[in-house]
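Chemist: To start, I am sharing the structure in question, which I have written as C-alpha cells.
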Amino acid sequence: MRGIYYFLIGIILFYIDTVIGIVIPMHFGKIDVIFVPHLTLMYLLILTIYRSFGVAVILAIFFGLITDLYLGSIYGLYMFGYILAVVIMDRLFKIFYRDTVMLFIVILLSTIFLEIYVAIIYGVIGFIQFNLLEFLLLRLLPTFILNLILLIILYPIMLKFMRKIQNKIDSRI
C-alpha cells in the first residue's frame, strides 16, 4: 500500500515538474534563460535515503521512462540518469551521515550532474549546439537556483508525509 502512495506522489511531482517547465522560461530579447525543475529526481533521491532503495530504483525506472517518453528525444536517457543518481545516492549515504545539509548538497549536485549529462549526450548526438558559457549562465545556474528553492519547499513536506505514512503502515505490522 505504501508503494502506491509513493507512486502517486511521484506522478503528482512529475506533472508539477512539467507545468513549472512550461510556465517559467524567461526571454530577454534574444536571450533565453532556461529553468529546468527536477522535482521527480529530488523526490527519488529523498525516497532513497528515507525509505527503500528498491522502491526508489523501481520508481526511477518508471519515472525515467515516463520522462523519456513525455519530454525526451532519446529513450533511456533520463531512465539511466535517474537510476544512476539513485544508486550513487544510496552508496554515498551508506558512507556519509544523514545530515540535512549534506543531503541538500548531494541532491543539488545530482540535479546539476543530470543536467550536464543530458546536455553532453544531446551535444554529442547533435541535437543541440553546446556553448559552455551559455550553458553555465543561462541554463545551469538558473536550474540550480530553481531546484534549491523547490528542494527547500519539497523536503519538509516529504519528511512529514513519509513519517505519517510510515506510522500508519508500521503500526499494523
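Just so it is clear, glycine is given a Cβ too, placed from its N, Cα and C backbone atoms.
Found this in TrEMBL, in case it helps:
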type	residues	note
TRANSMEM	6-28	transmembrane segment
TRANSMEM	40-63	transmembrane segment
TRANSMEM	69-89	transmembrane segment
TRANSMEM	101-130	transmembrane segment
TRANSMEM	136-158	transmembrane segment
Chemist: Quick one: find which recorded stretch in 40-63, 69-89, 101-130 has the most Cβ pairs under 8 Å with the transmembrane segment (6-28).
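Modeler: Answer is 40-63, with the largest number of Cβ pairs below 8 Å.
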Chemist: Can at least 3 Cβ pairs under 8 A be found between the transmembrane segment (136-158) and the transmembrane segment (69-89), with each pair 6 or more apart in sequence?
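Modeler: As far as Cβ distances go (cut-off 8 Å, pairs 6 or more apart), the transmembrane segment (136-158) and the transmembrane segment (69-89) do not touch.
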